[in-house]
Amino acid sequence: MSRPDRAINSEAGDWGYSEDAGERAWLLQSPSVDSVQPPSQSDDSRGGTSSLGAVFIVVNAALGAGLLNFPAAFNMAGGITAGVTLQMCMMAFIITGLVILAYCSQVSNESTYQEVVRAVCGKALGVICELAIAVYTFGTCIAFLIIIGDQLDKLIGAINNESEKEISLHWYTDRKFTITLTSVLIILPLSIPKEIGFQKYASTLSVIGTWYVTIIVIVKYIWPSKDVSPGIIPVRPASWTDVFNAMPTICFGFQCHVSSVPVFNSMKKPEIRPWWGVVTISMIICLFVYTGTGVCGFLSFGSSVSQDVLMSYPSDDVAVAIARAFIIICVVTSYPILHFCGRAVLEGLWLRFKGEEVETDVAKERRRRILQTLVWFCLTLILALFIPDIGRVISLIGGLAACFIFVFPGLCLIQAKLSEHDVRSNSWNAMVAYGVIMVTIGAFIFGQTTTNAIYKDIINNPNSP
């Protein structure tokens, strides 16, 4: 509900519901969020999601491809203790960030993440936020294509009942071929349409696939295969700075903040108190899933664990092959949805630059949409063909995820409190201080992870001096 007694921006245009195409991207990671109807100004037509339904949607929005990288993140952090401790320390900020966004959504009467940032923090930060969302979705699309290349050759080997050495002899199991063929024949046709109508199916597959992978990793740790032997299992980080290596994966895994704003507004009672319960339960569920996968996957393979944990299992394992099939289906159906969100944001920025609200020329919109899709698709495909594993991508976009979790919510909280005309009490000072802490932590994570990722790419490049 709008709070007219609290001024956020003096510009009247920042308060109304935006019709920008870029601000109609109701979903970032999870297909299910897009199925939530945008809220109307009438209370009677404001969504009807129950608290239990909201928990399901938030969990679905958080769980995703980052799950496969958690065992490797625990290894990079220096062991289970360091990885779990880091997760627990970040959990408080992750949950409060979700609550802050809901509070600012109420104050500004806006219904999507980028709209809230734009209304509360101003147009400049709104544009930066939209660009960050576009880059984030672009990077996630690259990660999806890499996962296809990682899993499809081993899935083919399982179907043909062939060993690892035999798989590599076939031209049709070459990683670049499988990524290109799958992308051109399936993903590209699904990405071109203006609207996406298969979200609910992708949502169901995503949930089933994620939980199945977690169960398989845990079961395979309890009853390991004879062909699997773990490497060295570190019990502590070699250096205290190694702990920060897990931050991109944790941020990428728990980032559901962009999707959370429309979920909050879709609830039967979009109020802060029930929302606290929703996000707390959701993040606890995610914590158990990620920790279970990370701990069991790490203990199964130790320091030899792959960036994609499923790559560490033998290709002839039927149960793991089913997990690979689930993951491939999930990413194939999720790529078009992520692309839709990124394309919608870019379209909104373009229309705003032109000073228009909507594109009235249907033919012009169609040509631009096809061009945007082809450029996006070709760039993500080319990069996926030459990036060796998802760890490289997550290490970069994990820093952006930290901005969505820490920086933008912190800035929104600071600006919202500074705009209040009430007496500035101790609680007011504490809230502003907390916002400053969130921005500082987020900026540190973004800077540290991005710099570290670039540095590692440089030193691992054989052509570097």
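Here the Cβ of each residue, glycine as well, is placed from N, Cα and C on the backbone.
Features as listed in Swiss-Prot:
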TRANSMEM  54-74  transmembrane segment
TRANSMEM  82-102  transmembrane segment
TRANSMEM  128-148  transmembrane segment
TRANSMEM  177-197  transmembrane segment
TRANSMEM  204-224  transmembrane segment
TRANSMEM  244-264  transmembrane segment
TRANSMEM  275-295  transmembrane segment
TRANSMEM  318-338  transmembrane segment
TRANSMEM  370-390  transmembrane segment
TRANSMEM  394-414  transmembrane segment
TRANSMEM  427-447  transmembrane segment
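Relative to the transmembrane segment (54-74), the listed stretch 275-295 leads the set 128-148, 204-224, 275-295, 427-447 in CB pairs under 8 A. Beyond the transmembrane segment (82-102), the same-chain residues lying 6 or more positions past its ends with a Cβ under 8 Å from any Cβ of the stretch are 58, 73-74, 113, 116, 236-237, 242-243, 246-247, 250-251, 254, 256-257, 260-261, 264, 270, 272, 275-276, 279-280, 283, 287, 290-291, 294-295, 298, 405-406, 409-410, 412-413, 434-435, 438, 441. Relative to the transmembrane segment (427-447), the listed stretch 244-264 leads the set 244-264, 275-295, 318-338, 370-390 in CB pairs under 8 A.
Within its own chain, the transmembrane segment (244-264) is flanked in space by residues 26-30, 33, 36, 38-39, 49, 54, 57-58, 61-64, 66-67, 69-70, 72-74, 76-77, 82-83, 86-87, 90, 94, 97-98, 101-102, 105, 110-116, 133, 136, 270, 275, 279, 282-283, 286, 290, 394-399, 401-402, 404-405, 408-409, 445, 448-449, 452-453, which lie at least six positions past its ends and keep a Cβ under 8 Å from the stretch. Most Cβ pairs within less than 8 Å of the transmembrane segment (177-197), among stretches 128-148, 204-224, 275-295, 318-338, belong to 318-338. The transmembrane segment (128-148) and the transmembrane segment (370-390) are in contact, since at least 3 Cβ pairs between them lie under 8 Å (pairs 6 or more apart in sequence). For the transmembrane segment (370-390), the residues of the chain that approach it from at least six positions outside its boundaries are 65, 68-69, 138, 141-143, 145-147, 149-150, 175-176, 179-180, 183, 187-188, 191-192, 306-308, 339, 342-343, 346-347, judged by C-beta separation under 8 angstroms.
Looking at which of 275-295, 318-338, 394-414 has the most CB pairs under 8 Å to the transmembrane segment (204-224), the answer is the stretch 318-338. Residues 51, 54-55, 58-59, 62-63, 66-67, 70-71, 73-74, 80, 83-84, 87, 91, 94-95, 98-99, 102, 210-211, 213-214, 217-218, 250, 253-254, 256, 260, 264, 267, 309 of the same chain lie 6 or more positions beyond the ends of the transmembrane segment (275-295) yet place their CB under 8 Å from a CB of it.
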